[in-house]
Amino acid sequence: MERKLMSLLPSISLSEMEPNSTLGNHNSNRSCTTENFKREFYPIVYLVIFIWGALGNGFSIYVFLKPYKKSTSVNVFMLNLAISDLLFTITLPFRVDYYLRGSNXIFGDTPCRIMSYSMYVNMYSSIYFLTVLSVVRFLATVHPFRLLHTTSIKNAWILCGVIWIFIMASSTVLLKNGSEQKDNVTLCLELNSNKVTKLKTMNYVALVVGFVLPFGTLSICYLLIIRALLKVEVPESGLRLSHRKALITVIIALIIFLLCFLPYHVLRTLHLLEWKADKCKDRLHKAVAVTLALAAANSCFNPFLYYFAGENFKDRLKSALRKGRPQKTRCGFSVCVWLKKETRV
């Protein structure tokens, strides 16, 4: 019990916290479910997220890893964010198959554990990487020279390592909760009535540490950037590049938080507070199902962050795309002049 409560982040979002209809007795409650909704909704949404997330983040990783003349700490954070998204999207086909079969897992116990583990590792690592990105971008506009050493490539990798270790270590409890056999059906990703009370307490900690604090930090960064822009005399050509990138980074991060993470954390909390073994709340179950899909969709929105706010990402992208094109033949000045004369009509 104490070991589980010490796991602050994804461990609080156990697989049992996913929207489910398994209420008490399995036989009597199969009729009071959102099974049909999940069977129709999840496979389509997860398949779209898988295709776009795998292509977008896979190609982004390729662009980030291509040799380039200049690399920054921002690129390091974005690369780790893309890796987290790609690792998560790889597990989505298993979720698609599970819901297409009417919430029946056929791949065994291990994939069931990994599905829950990857979902929440991705969610909270994304939250922390987005928050760190916004803070670094904000501080770069306020103390650009003082933070030159602090935001070095080496320190960026160290910070990413700390985030990975913290999130993955606190999520290990998810690997202890696998599939469950009931009435010739192998259940996975289901809410267990025996653990609701404990999950309520754990959810509150996750809500504060995993969402409220990062979201509050993002909001403060946004307000302080606006304040800094109002104080600084903006040249006629427009915003200074560092200010513009900082503002774009925080705005996109806030949009992802508001669209993907806020609805899920609010409805997940409400779902646990309202959950009772003898009552069926189809509307709430469906709402939580939709917000869970939105949380998973964060991996589709992050590539837009790389493109619009990434450090040299557009230049890296152009360089990567030019590699496959045939190079123009170069010639000496005298030869080119001769060719021009000979081909003149």
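In case you wondered, yes, glycine gets a Cβ from its N, Cα and C as well.
Because the structure is a prediction, the values reported are computed rather than measured.
Listed in Swiss-Prot:
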type	residues	note
DISULFID	C112-C188	disulfide bond
CARBOHYD	N20	N-linked glycosylation site
CARBOHYD	N29	N-linked glycosylation site
CARBOHYD	N177	N-linked glycosylation site
CARBOHYD	N184	N-linked glycosylation site
TOPO_DOM	1-43	topological domain 'Extracellular'
TOPO_DOM	65-73	topological domain 'Cytoplasmic'
TOPO_DOM	95-124	topological domain 'Extracellular'
TOPO_DOM	146-154	topological domain 'Cytoplasmic'
TOPO_DOM	176-205	topological domain 'Extracellular'
TOPO_DOM	227-246	topological domain 'Cytoplasmic'
TOPO_DOM	268-287	topological domain 'Extracellular'
TOPO_DOM	309-345	topological domain 'Cytoplasmic'
TRANSMEM	44-64	transmembrane segment
TRANSMEM	74-94	transmembrane segment
TRANSMEM	125-145	transmembrane segment
TRANSMEM	155-175	transmembrane segment
TRANSMEM	206-226	transmembrane segment
TRANSMEM	247-267	transmembrane segment
TRANSMEM	288-308	transmembrane segment
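When each of 74-94, 125-145, 155-175, 247-267, 288-308 is scored by its Cβ pairs under 8 Å to the transmembrane segment (44-64), the top-ranked stretch turns out to be 74-94. Counting C-beta pairs under 8 angstroms (sequence separation of 6 or more), the transmembrane segment (74-94) reaches the transmembrane segment (288-308) with 3 or more such pairs. Each residue of the topological domain 'Extracellular' (95-124) gets a DSSP state, and the totals for helix, strand and coil are 22 helix, 0 strand, 8 coil. For C112 (disulfide bond), the count of additional Cβ atoms within 10 Å of its Cβ stands at 23 [all protein chains shown].
Calculated from their C-alpha atoms, the gap between N184 (N-linked glycosylation site) and C112 (disulfide bond) amounts to 17 Å.
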